[in-house]
Structures are given as structure tokens and as C-alpha cells.
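The block underneath contains the structure these notes are about, expressed in C-alpha cells.
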């Protein structure tokens, strides 16, 4: 407890604080004892000089008194005071100071400026002090910016308001005298609203109201008039009376509607403001006594809806005639024209304007009328309207029905019409019905129009089966439908002739007899009496023999026949009506029938959706008649291996030449073949027909297995099995499904939706009504039309929250804190489930507070008393209904109702902004709970130590917000009490202390708040603190802040904590959260600093606030579901999460449907009647997000809820989720998936079904996913099988491609998992065409050709086949060249043997197992348009081992020359090849080394210019020049002569020695002079073949042949060469070596050979005349060709096919050691041995070349050089396949074909 102690400076005082007494319940009063001899207590001696005290809690006041605040017990003791300054002196002045220009009374408008003057005359040497006072209180101009005091004493007041009203006094003080003058300031403003308005019903006049009010405050300006406004039934305000005298305080208003509000507005003087008005603070509402509506409903119409219902519609009466809020309508209806009582229907909803009158009489005329009613009663009825109910069906069958057979296929019936009163409509006719026993669904119906003239009706039923028992009945029908059938009559149609016998056959055929067999006719048409058999010679009726047989005989031996004669045999059955249809066949006696042959010449016509006509030519009949024709077909995708299926048979038509095939599938591909059958058997099939496709047709069947499940509150899940592909009956891209749905109880409003995906098997029907039964059906559609509808299925949407609030909500205030709320029912269509209760939602309209709920359990209570409300508060009130799912929508619009008024609460916000030693100014705010209209304020103030009876009391206007109290004593404590008044009286007072001192300061901060642990709760804590010094201004309130740790900012919890409090409960905290708190105090001066932060405090745990969110509940197996959820946020768990609880129970919807119309008072108990109690499973693992809820019952619907719990308790449960248990997707994939490659485009896939325990229902089909290996995302496709088959043929695949295939099973619930992918590869197929064909480096005789790989290899590319030929013959000859390129690379070739200026056609195709399609292009040799012209003829200069070519530039063409190319060729060969390329354009000479050329070969050179248009024309060839180097000295002639002479001398010397020695041995036995000598041929190498080609491309050509030749030479071009050998057949091998050419040189090739097998040849072959000109070829071009040489020599041509006798086989040429003892032929020479040079252009003979027939002269032979660069030379190949050796990556099979034009 703290105290204020004042010690006046008079003398020494002893102060003892004994006790504190509380007076007025507000502040402590002290008892002080002054004593000269203090008691023996601890002493505190304090002396204070006036003006020098600067101690805490001790304040020196202006009067010299010492203030101790707050005081403690330790402050008791002696205090001494002495003055600090001496007494002032006295001065004399000459002029007296006085006011000469006093202030005057003023009246200003609110918000304007007021000026109060105060002119003074005084002695100039005297200083004057101006002090203004208002009503006794000093005006301090420093406290408000609105106030200003001029040096001359003038007071300015700006923005004047009502607080400025009063008497202002100007006081002037000086040593020359004092003076004062006063003036009154009045502030004019708008008049206030009239007070205490009231309205009462007039007792004199009907529909009149007496209004009274209290005189309004005129705003300090005389009133002019009042304006009265009125609002009728919450309509906008309108002026009712505009000129009410200002003296009046009441008026009577007439001719009003029932419910009105009034607003009265006074208007002050016009000079204040034009039409200045102030409406009343609160409109006065008053309702007149209601009367029944004075007008009937308008626009009443009626229309028949069904045969027992009529819809009546209307509009409400005019609003001016409703005479009160309508409560509903009365519908009165009765039979028209009959004296019967009328029936009534009461509608309790005023907003309903239609009603379906049900349970009426069928086909009856009714008259109806409608009246409205309110609380006062029913109004007048509308005019009568009449309407018929619709027709019904007859209720009785026709009478006197008689039936009798008319013939074998017709029945005659007679009957009489039913009575018209039972027809219930217009008789549309009769239906005659006939059906066989046991086949009630297959009814034959005949419709007969009614005959109103005859009493007896006659009808016939035709088309019946012969001699068959039928039931006959008759019914009458109207437009709506059929009436009941008459009792059926049983009868049998008459007997008739039988049909043909079956299975006529012949056996035991002899020359003069045979055996005939048959079976009973399929259509006996009566009782068989026997059979007739006859036979006759073919086309000779006079030889007919007939026999009659009993009915049990079915075979007969025909005898007496003539051998080798054709007979016609006929058999027929017989009844009492005669002989039936004949069955006949022909047969030759003594000639047993044979198997027939197949039909031929099948043609197809008249193609329809389901039929085609076939024409054919019969095949061999097998020497007997054809008894049946059979048609087989391939269906669907036509392939060579497709299965043939029997589709049609035609029996007993042996002479048929055409037939119609029926029952085909529309829009399906077919290929037909036929067989013919005789008595022996079936013929082989005919040749297949052409492929045809039937026309489109609408689907024949509907989707099956249609099921309907609840999906949500507004949707149903529809599923079906789609149509198989063969049932599409049209273009599959146009196949889809149409879903039609409507409410089950109403056939109106049928809606449909089209699904365009032919494979779709489910659809969710959206935007449905909640808790409503629907009927759904499905049909298939295609581009031509719709198929039949499926059987309808029913389903109900899930229960939901109501979509509308209750109707007729009203509210009535009963007390100042309670309101009575009433409401009606929720409309039936908006209930969306079972209403379990209602909630009233209410909130203060003028605040942002959260709405509050008042729950009413049960659906029978429709009212509730809201209590504990705020007084005189306007509330918004709504009502909502709730189901088990949750709360529905609130009622609209909100109802506004105000509680009654009461005495007000205390005013708030009391502050003392101005405190002087003699006066204080008090401001405040209206009470927080005004509880009515504030009429006045009362202020009481007194000294704190005085008696309450001495208090000063002032009453202020209700608009007052400040008060100034003057005449107070300085340095005193005063108590102010402020209270407000309503019409209910004065309310609670607010008290405040103030010290009349000017030394006030901000309060000191409170001590650090503490929170005892026992005061810590889950959502609140209690703070305690010690106040600090109040700074001589009492604390008005405390502010408490808190912050959430660790990072939250400070938040104000309350800024109005009572100033007396030292503890406070902080609520609305979060559980299990750490907080800190701090406190600050506020007094009149301002706020203190915040206290130190409290220690961190953690609130306790609490039950969780939120339930988990259930993400999905899906069936997992047939007895379990998988629940997935998302837990609540951590801050909503309010502690440590321990686990989850799953609640589930079975729902019984059938019982719910009947329960929706029941009323319940206790929703919990009644709901338990409908559903089983919840079963609970605790899940103690807090990290779970899914759980399999198992052991459920199959084919049941369950409700599932989920909640979380912690150590304190369990949180709320989630919104219930429903799931149907019993259907689940398969949980295992299909087993044993195997793939078999069938063709290049087909894979056969088989599998086993999933294990039985994982199928979870019937497997409806399989989905086959397949994609190319490692390209799943780009190429995955799906094939769906809607039948539970275990295999599929996947067609239209890519050849030689690896596919991955996965299979998944599906059932009604959905798709199961896929099987692991299985790999399979299709077989090889022909590749696609090469991707491109390009040409480059085109010259007059050669071109580079390149091509691209096929886009689809479809296998391993084994090579390419190139074919080229001139488009027009060259010199009369068209030569076609075919080149087979082995391997997949390289993809180019250089062609050199072309003719200049000729267009060639090139074609190339790739090969795998077979050749694919080819790509072709044309190219014309020679320079193109714009290419350079020929350079000048080159000439050659030789310097040592180098040659230099010189030329001159020619015509550059259309573009500058970019480079030059040098071509070369051996002089004796006609093929040019590029030697040097990329010679700079500026150069006109080029030097090349002889090492690039073959030594000893003579070459020609020419130059070609190149520009952007291509290669130009070549220059003329240069003179021939030999690549012969200078011979060394040992090759000179003189060196050879010397060597020869020396050798000769040596030989002569040796001969001489031998002669001498021989003479010395005369008698020696003559030695054997015979000697055997073996000679070994040594091959002479002339280097390797020269390559003339550009750089970077390796070359491949027929080169480096190693030939075994004779040891003979011929002279050629000045050098010795070996004669070309004679190759044996099969001795040639083509090989390819990649040669790098760095300098575009002519490089010798290595490791390539052409060898000759051992052969016996003539020594005369291969003479030196090999290259001589044939004398018989006079005039022809000289051609030095190896091939031409031998081809032109017939003897040599023959010589290498046979060996002349007696000619020994010479050994092959090669370096091998001889075997003297065992001589034998030598093999091939090893690599690395010398080889014979073959000049380019010489053709090495091959077997294919020598064996082919050449049709052109030798001069026309072309030459090909093969190159693995862009090509060198191409050769001619034979049709034989030469053998290939070596590891060459590319080999060629040259083929040369000569075609003469």
C-alpha cells in the first residue's frame, strides 16, 4: 500500500503513520499526529530549505509544502522547514493599471474563430501580466494549439466547439494595480436530435400513430421546423411531414402500413446553414395492428403435370395490400362442377409461389383458388382456375375375350370395350398379344384401332408359328400407357405341311442300288404321318418311281437303277395336310461321289453395315449335287496368318451362284473365301477375295456392368465396361458414351453428358443436389448414331451440410440482456441430410468481434432465448441448421434486433490534461457500456479528506466531454466522481484522484513482473508487479504487453488495466508456448517506461485445437481401406503429439432415407439408432500419415473420422469421410508375362492372371503397356483388353525393334500394379528407303554420290544396291550398272565412267533380310549453267624429279573462280581422276613431284576451274609425259658393255680351262649328260597401282593384283613389262584398304592381291602382241584393256575352261622352295611378294565376265573403278558371286549389263 503525505512548511512536525482508512471505496486517507515530544520510535530528522529538495519520492511544491509520495513507514520522523529568501521590498508607481477595451459577448459558428480583446492603459514603466480565465479557471494557451495570446492581451480561439462556450475573464496584474473584465462566448451548431421520441397507436383512429418527443437542443440557434421521415417495412426513408412547428412536441400520423420506422429531424435558422438538419439518434419503430390481406394473389395459373397431379402457380398480392408480413398461402381445390367439399393446402412459406397438388383423381377436372394470409388472418381468394389431370392408363382389361385359331399362322380374337369410366383417358386402341408357353418375353403384338360403333371388336394375330401352342390376351391403352391384360387364353394353331427333311445323304452306292438316309424336318408343322421318296433319271420325269414310307422310317435302299446313270432323288415329309417341301439331290449310280473342288471367281457387291453379296463360280461338284455352301472370313486386321472363321452357310441351294452374307460387324475389314459341301465332305477353300470394309452403323449393345457409387455430396461415380473394339460399328475416333441422369422421383430435368474417349470406363457426375437419389444410364455412340441404353442404376449423393438456412427467422428483445429468436424449417431440397439441430449465430453489429453460437439440439425446437447479451446493443442474428457432416449456411438476410436499454456503465478514459493549483480540467469518454441513449453526465468532486456531503455536484449535457473545476485549494488531493444517465437512471460512477499541483511528471516504471508457477495455465497466466512512483499524478491505467518466444514482436494484450491493480490475468495465450511480459503505467502526463521483461514462462499443454485433414480414403482390399491424412500444424497440437485415433462405423443408408422425415429431440440417441457406435483404433506412432484400416465388412459403406491426442487429451475429430468397402484394385500384377516374336510387326504376349487372393474382385480386363526400349516417355502406348483374356497380339510395330511390355489387370475398382517390364524384339523386315541421296564434285565424267541411312533399319543393314543408267541411250546403247555395296559403311561412292552431258538416273536401296524401297535422283554430267569455261591448254616443264604444269585462266562464268583442280590419267586409259584439288585461284601453275606418279607410266593432265556454280569445263589434255626418272650409271650402255666384255673374257678363260682339263681325262667314263633343270619364275614388280583421287578419302579399286606369270616380257611404252597372265576362274578377290593421302598423292596400295589358281595353259598364250591393234578392228578406237584382250580372242576364251591333253600343268608363279623329290603345284604367294603392275583401265578377267554374253562391241565397254572415297572406278560384275577374302570393311559385287536400244 502506498500513500500521499503533504507536510506544510510551518514548524517542526513529527509524523507517525498509524493506519489507513478507505473512504468512498476509492483512496486511502491518512491520520497525522503533530507532537513536540514524539514517542520512542525510530527517528528520521529531515530539514528542507524551501526550493532545494531533490530526493526521490520527496517533492517541494510551489506553496513551500513538501510532498512525500508514496510514503513508507520508514518516513516517520521530524521535518524542519525554513525560508530560502528574505521578504521582498515595496515599490511606488504613478499611473494606475486598468482595462480600457474590455472583451464583449460573442456568438460564433462551430469550427470558426473567436477573438477576445483586452486593451489596457498603464504606466509605461510598469510591466503588465495578462491572465485569462474561463469560468474561474485559468486558460493556459500553451496546452492547445487552438489558443493564442497576443502581447496586448488579445485571446484568439480557433476551431471553436462546444467546449469553448462560457464566460471569459481577462485579469490584468501589475505593481500599478489590477483589473478584470468578462464576456460570454456562445458557439452555434446544428440542432441535436429530438430526445426521447416515442410512438403509440392512436386510440381514436384506425391505422394512425401518435408521435411525441422531447424538445431538442437548438444548437444555440432558434429552431425553424421539424421534418418527419418514415420507413415502411424496412424500405428507404421518405419524408412524411416537412414543416412541423418548432414549438410542437407531438403529431398524429395516419394512413400507414403495418410496420414503420420514424425519424424526426429539427432544422435551425437558415442563416446557419441551408437545410441544416440532424436526424434522431435512434429511429422509432412501430408496427400497426395487422389486418388480413385486402387483395388476392395475382397471376394464378394451373397446369397438369401427371395423371394425379396439377401444378398451380401464383404471385403474391400487391405489397400495399398485404397489411402485414405474409405468413403463407391457402390453396383450396375441388372437383369441378360437383357438389363436393373442397380440400385445403396450407403453405407456411411466404416466398413459395407454386405447389404441386398430388394424389388427385386420374383424368379429372379440378377448380382451384389461392388466398394469402398473415398473422391477422386469411385474405380474399383469387378467381377460380380449372385444369384437368393428365390421362392415366386403363384400370380394367377388355371384357368377353374370345380366341380361336383361324389358320396355321393366324388367330382370331373378339372382345368388348371396357367401361369408359375405367379407361382414364382417351382410348387409343387395343393390343392383341400372343406368346409361346415359357417365352413370355417374346411377345407377338398387333395393334387395333378402337371401333366406337360396334360393341364387339374383332382382330387377328398373324405371323405365328404353325401347329404351336400360344397364350392370347388383349389390353386397352391410352397415350400414357397400357392397361392390364385380359386373362390369357390357351390355344394351338392349325396343322400345316411340314418343312424339308434334314441331312439327306447317300451311302452304299452300287451300279444298280444305293442307300438314302435323312432326318426329321426341323419344322414339322404337325404330326408326321410318313415320308415320300421318289427317284428319276436326270431330267426324265417319265422314269419317276415313288414310294411312301411310315413316319419312323428314315432310310431307304433304292434298287433297280441303271449303271452309270445320273438320278435325281427326292424325299419329303407328310402330315395330314399333305406333302411337305422336297429335299433333292443328284447322284450317278455306280460312281461313288467324290470330294468337291473349291469355288472360284469370288466377287463382292452390295456392301452394307452388316451384310455383303458374294458372287462365285461353283467348283467341281464331286459327281453329286452340292448340299451346302460355306463362307469363311478373315476379320479385322488382315494378315497372312490371320484365322479364318465360318461366317455363313447356305444349305439346299445346289444351283446357287450368289449368296448374301449376313450378321457381319459394321465398319470391319473382311476377306472372304468359300467352300462347297456335298454328301462326301467339304472342299478345300477358294482363293481369298479382295479386302473390303463394311459400312458404319450405330452401336448394337450398351455398356455393361454399369455401377454407381457415391463420390461426394454433389457427385456420383459411374463406372462401366467399355465396348469391345468389334462392337464400335464405326470409326473408333468417333466412339464415345452418353451418360443420362435425373432425379429418381422426378423424370423432369433429365441431363446428359457426352464422353468422347472410347476407352473411358468411368465418369464423375458433378453439380448434383446433396442427399438426393438419382437414376443413371449409359449408351454408346459413334459417328452414325447412338446405341441402346443400359439398364438404369440408382445412387444417392452423400449427406452434406444444409445449403440454406431456416426460413421465417424473427427476433424480439425481451430484456436488456436477452432476445427471443424464432425460425421455421429448412426447405426440404436444401436440407442435404438429416437435420440434427440448429445454431443461432449472433454478434454485435457495431464491433468486429467474432460471432457467437447458441446451439439448439434436435430438429423440433424452433425458438431459443439468447441471454447474457449486451444492454442496448444492436445484434445481427442468423440461424443455421447442422447435420452430422457439419454446419450449413446461415439464414439470409441477417435479422437486426437491439436489446432493451438500462442504466449505463461508468464513463471511461478519465484524464486531467490541465492541472493548476486552483483548478483542474477533466476529460472523459462515454461509457463503454452506454446501455441506452446517454441523457446527461453528473460530476461530483471534493477534497479527499473532506466528507462526501461537502462535494460539488454539476450536471452536464450528454454531449459534454470535458469539465473544468475551479476554486480548488493548492496542493490538495481531490476526488472526482463521474456518472452517466439514460432514461433508466444514473449508472455506475467512475472515480479519479488528482493533486492540485503543477509539478507533475510521468510515472516511474513498475517492478519486473513475476508469474508464479501455480498461476500458469494452458491459455492464461497471472502477472504480479509493484508500482513505481506516480510522478505526483495518480496512475490512470496500466498497459500489459507480451511476446511469444523466441522471435515474436511485442503485442499489447490490454491497455486499460485498472490503476489499482498490481496483478492481472493474461488470457488468450497459446498452449505449450513460451512468453515474456512487461508492464507500463500511464498517468495524466504520459506513459512510464516499460518494466523489465519477465522471465520466460511456458504455458501448459492443452488438448489439440484442430483435427487432421483426411486426404483420401481408398479401398485397398475387399475388406480394408487405406486412410491418408495430413496432421495439424504443430502450433495447433498444443503440446507433444502422441498419436492418432481412427473412428469408424458402418452406415445404413436405407434406414437413413426413411429417417429424413422423422423428428428428433435428442440427436445423439436417434443417430445411434441409425448407425453403429464408433469403433476406435489408437495409433501410437506420431509420424504416421497413412494407415490401412482392415477387418471391415464387404459391400458396406463406412464413415471414418480421425483425431490427434497429446498428454492432456484428444482434439476434435475430422469431417467424416465415407467409403464403400468391397471393391478394391488388384494388389498384384499379372504373372509369367512372356513375349513371342511372331513377325516383323507383331509380338504375341501371354500372361497368367494375378494370384486369386490379390485380385480383389472379378478381373474385367488387362492393360498392356508397350514402348520401345529406353524410349518409354516418347513411345509408350496402351492396349486395353476389356475381356479377361490371357493373351494379346500387338501389331503395327516397327521391325527389328526391342520393345518393353508391361501388363496390368483391372477390375471395377480400378487398375492394379504393372508387371515388371519384359523385353521382346520383332523380327527383321525390309528397311525403309535411304534418308537422302546427294551428289557433289560433278565433272564431265564423274560424280561423288552419298546417301543417308534408312530412317528405319528394321534389322541389320547388310549393304546397299546401287543402280544407275542414262535416261537416254548413249551412242544407241543404254547401259544399266548395278553395284552391291557390302556392309553398312561407307555411305558414299565415286562414279567415274560417265559420259559428258548425259542425264543419269541413280537409285539406291538398303538391304537387311531383303531389299527395301529405293530412293532415286537424276543428275546431268558436265558443267552447269554459270560454271567456269575451260582454262587454256596446259603445258609441262620438267626439272629433275618434278613436273610443273602451266595454264592460262579461262572464262570465270557467272561467279569468280574460287579454285582449280588438276585431273590426270594414264595415257592409254580413258578415265580421268582428280590428282590435285584446292589450288588457289590466283595460281596458274603447279609443281608436282614424280614420286606421286607411277614410274614408267605416261600421263595426261588437264585443269578445271571451280566457282560457286560448280566444276567448269576441263581444259584440253596436256601433252603426254612419262614419269621416267634419270637412269643411274650402272644402267648406262657403256657400263653394260664393259661388264659384258669382262664377263666374256671370264667365260672364255673358263672354257679354256675346262677344255684343257677334259683333254687330260680321255679315258674317264663319259658322264651322264642328261640333267633335270627346274626353273622358278620370278615375278617382276613394277610398283603398285597409282591412285588418282582427291585427299581425305581412302580409295578402293581393283588394284595390287599379284599374278603368277611366265618368265617372258614384252616391250611397252619403252619399258619392259610382263605379259598379263591368264587368271583361272574364281581366282579374283576384291579387297579394300583405307589409304591416307596427305598430299593428294598417288600412293601405292599395300596388302592387296589378285592371284591365279593352278591351271594348265598353253605356252602360246600371252605373247608380246597382247596390246597390239587387232587387224580385224579397222577403224575402231584402240583400247588397251586386259578384259578386251581376252574377250576378243576366242581361242583364249576357250582355253581357260578346258585343258589340252598332253600339256603339263606348270607351277604357279611365286617365291617358294622347289621339292625335287616330290614335285607338286605351289600355292598362293604369301603377302609381301612382288606384284605385277596393272595400269588403270586394264580389266583383269573374272569368271563372271568371261562367261557372260556381251552384246556390244568391245569398244563400248565401260570401266568402273571402286573407291571407298567418294568413288574412284567402278567395274562390271557378273551375276555370279565372287569370293571375298581379307578383313576389308567394304567389298563390292560389280555387275555390268549392256542393254541395246
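Cβ coordinates come from backbone N, Cα and C, glycine included.
Annotated by TrEMBL as region 'Disordered', the relevant range among 1310-1329, 1330-1349, 1350-1369 is 1310-1329.
Across the domain 'Fibronectin type-III' (1005-1102), the DSSP tally of helix, strand and coil residues reads 3 helix, 37 strand, 58 coil.
With Cβ pairs under 8 Å as the measure, the domain 'Ig-like' (88-188) is packed most heavily against 906-1000, out of 805-902, 906-1000, 1005-1102, 1427-1525. Distant neighbours of the transmembrane segment (1533-1556): none; no residue of the same chain at least 6 beyond its ends has a Cβ under 8 Å from one of its Cβ atoms. Counted with DSSP, the domain 'Fibronectin type-III' (906-1000) comes out as 3 helix, 49 strand, 43 coil. Broken down with DSSP, the domain 'Fibronectin type-III' (1427-1525) shows 3 helix, 48 strand, 48 coil.
Secondary structure of the domain 'Fibronectin type-III' (805-902) per DSSP (helix as H, G, I; strand as E, B; remaining residues coil): 4 helix, 46 strand, 48 coil. Restricting the average to the domain 'Fibronectin type-III' (906-1000) gives a pLDDT of 89.
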